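TrEMBL annotations:
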- D:Cys47, D:Asp49, D:His108, D:Cys111: Zn(2+) binding site (BINDING)
Number of protein chains: 4
Amino acid sequence: MERAQPLPNYLAQRYHGWKATGYADNQSWYRQLAEQGQHPRAMVISCCDSRVHVTAIFGADQGEFFIHRNIANLVPPYAPDGDYHGTSAAIEYAVTALKVAHLIVLGHSSCGGVHGFHEMCHGRAPELSEKTSFVGRWIDILKPGYERLGGNDAEIDSATLEKEAVLVSMENLLTFPFVQDAVADGKLTLHGLWNDIGEGGLEYYDAKSKTFRPV
Amino acid sequence: MERAQPLPNYLAQRYHGWKATGYADNQSWYRQLAEQGQHPRAMVISCCDSRVHVTAIFGADQGEFFIHRNIANLVPPYAPDGDYHGTSAAIEYAVTALKVAHLIVLGHSSCGGVHGFHEMCHGRAPELSEKTSFVGRWIDILKPGYERLGGNDAEIDSATLEKEAVLVSMENLLTFPFVQDAVADGKLTLHGLWNDIGEGGLEYYDAKSKTFRPV
Amino acid sequence: MERAQPLPNYLAQRYHGWKATGYADNQSWYRQLAEQGQHPRAMVISCCDSRVHVTAIFGADQGEFFIHRNIANLVPPYAPDGDYHGTSAAIEYAVTALKVAHLIVLGHSSCGGVHGFHEMCHGRAPELSEKTSFVGRWIDILKPGYERLGGNDAEIDSATLEKEAVLVSMENLLTFPFVQDAVADGKLTLHGLWNDIGEGGLEYYDAKSKTFRPV
Amino acid sequence: MERAQPLPNYLAQRYHGWKATGYADNQSWYRQLAEQGQHPRAMVISCCDSRVHVTAIFGADQGEFFIHRNIANLVPPYAPDGDYHGTSAAIEYAVTALKVAHLIVLGHSSCGGVHGFHEMCHGRAPELSEKTSFVGRWIDILKPGYERLGGNDAEIDSATLEKEAVLVSMENLLTFPFVQDAVADGKLTLHGLWNDIGEGGLEYYDAKSKTFRPV
């Protein structure tokens, strides 16, 4: 890796600042975590978006949440074909090895991935339609949800599609046998959330009313 | 999604606490982020491990880092075959759409994924060797690095293998044409880091000495 | 400009050192900043004083803070009379064009401008009282704050007057219609800070207790 | 000031990090600066732009540069009319009180203020033409330079106009009697610089060739 570069100086400075304060103040906890391993209570599947920090929203410290982040917080369907499946691997590890109690899918407003999907469906993002587009193929996961909402024939606003992406991911979670089993055994619960970035809002999917409601 | 559950009460309470404090104190920034979109300066590829929070280490606020997290912070090689590739999609979005300046791979101590790989290689984790194991197939990405270190014939400690995982990911990053191009144009730099959880240590890969050195 | 001189040699040498290190290590970020423009999250109004570097205090890199610096970090009241108003122009640009989320006024200890104001009021700096003194007329902005503290009848220490200067500036900020609007819309927050140079202290104005308190 | 807000949490954290490292490591120097006052060697007039940090470019520590920053690094002509003149006050203080040896005007590429001036001249930014626009009236300072380059009849690229802004400011500096005197006495030198943000370039105005040349 001769292309590797040192850390930019301002990040090195900030790290030293954290080491002298944030780390120093919690050294005992960091050492316990290192020696005794992690025992997170929940797995969160969130977007890579720089504006959504689940640790901030829930005041979570080191050790609480096992967090997978990908474009548009999507979960592909179960497909044990021997290929690389990063999201499925993270879910498998959380449920079968760490035995988390909660599996939370966290969507959000102004999601670039969901927006790109919408543009692609309407022919306004031809580059995403190409077979070689990783983003385009990844967001194809959203298709069943989009069709269910009426597809190209319907007027679908961003928030509706973002929330549908959360539901599609939750449905796909239940195609994994180990998720099914843990849920059936009462050892795992599934939760769908949607965060309004600008307003700091948080809604959860309510199975009874089949709508997202404010937490 | 009739299996969806409301948010556990303690998480709902923490959310309301954040809304009244962390959000309220930064409402203006959240609103600007919502209206003007994200302009993160770096993408970080980190592990799902609950003990590693890159935002804490670097004092990063909402909007600074585009973060992808998967098991063992691995990047698979470029493979535009039309299948779902969540990691590749995140990298493509960060480099071609967001045009981040830095791509940081952050490994860490006591990594369960790297440990599992080692166990699997030595026949001590047969369940990971199965074709249907998502974790097992995902950590296969580490193989070229493991072989390079001597494979099963060598005594390889955890930290060495965790750092090798960072290098394998960086090498695979350079198999993506858009990463190659951005690096060649001087618009993207690659950085390899390894975090010692218990001691709060941070090392970076130094291309000149070909070793990891303290930041 | 026949009076222009080349850069002193020691500064030229330092520049070349930065180009080979600080710039080279962050070339990608500089290029992205040049191509995509700035998106700073905050405007800082600070003193010209050579001892106060807000970028150091907050570990801020290129691109984070839009910084206006003048004598004693003062903001004059809104006066759209068509004359040259450098401070007002900087505020207008930050709030209406860049749409920063935070407006921070940063005062500091041992402020020469504030000290000069005090001397002038007590007749110990007659040159500052002259109409032609730019410094004298500029620091007149402080007068409402000085009167509020009791003026010449009171014993006012330097720190108290420096902090009052921060408050006067914040009050004057709210005389600008575009600042008022952005604050009312929840898109801009105002912050008053005072830095103790020798002790590295930082205090913020707490609206509830109406005092400056340690951060 | 009931509208004042506490410092956002991430900035408070970064400050504590700096206090424990950057400040702690240089405490003796900070204390000396506090007790003995500042003795900067140069005044720098730079833009508010978040991408231009003169302290980084010249490796300047606390105490070296007295820095005034405004939109487009402009200096208005001498006008001792008793009104508020923040830029003139800063220059007066630097030259007559601090007796700096160098006065450096630092322009830069992609300057939003200079760009706005150009747009305004061509009728493409009507809001800047209004009397109430602080930015518009402030950048009027550039007019003599623009006319000299041929004005609306000429094709003027951004860099040329940005460099002309540096020259206009230097010319205006010489309209201040105390600047004239200090230069005539050989106690003050004037320097014009232009920074290419993306490439890390730095050019100085060479009075002999009447062009900007690389440092």
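Placement of Cβ uses the backbone N, Cα and C atoms for every residue, glycine included.
TrEMBL: automatically predicted annotations, no manual curation.
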Cβ-centroid neighbourhood (8 Å) of the Zn(2+) site, D:Cys47, D:Asp49, D:His108, D:Cys111 excluded: D:Ser46, D:Cys48, D:Arg51, D:Val52, D:Ala72, D:Asn73, D:Gly107, D:Ser109, D:Ser110, D:Gly112, D:Gly113, D:Val114, D:Glu162, D:Asn195, D:Ile197
Mapped DSSP class for D:Cys111 (Zn(2+) binding site), helix or strand or coil: coil
Members of the binding-site residues set D:Cys47, D:His108, D:Cys111 whose C-beta sits under 8 angstroms from chain C: none
DSSP three-state assignment for D:Cys47 (Zn(2+) binding site): strand
Intrachain C-beta neighbours of D:Cys111 (Zn(2+) binding site), sequence separation six or more, cut-off 8 angstroms: D:Cys47, D:Asp49, D:Ala72, D:Ser158, D:Glu162, D:Ala165
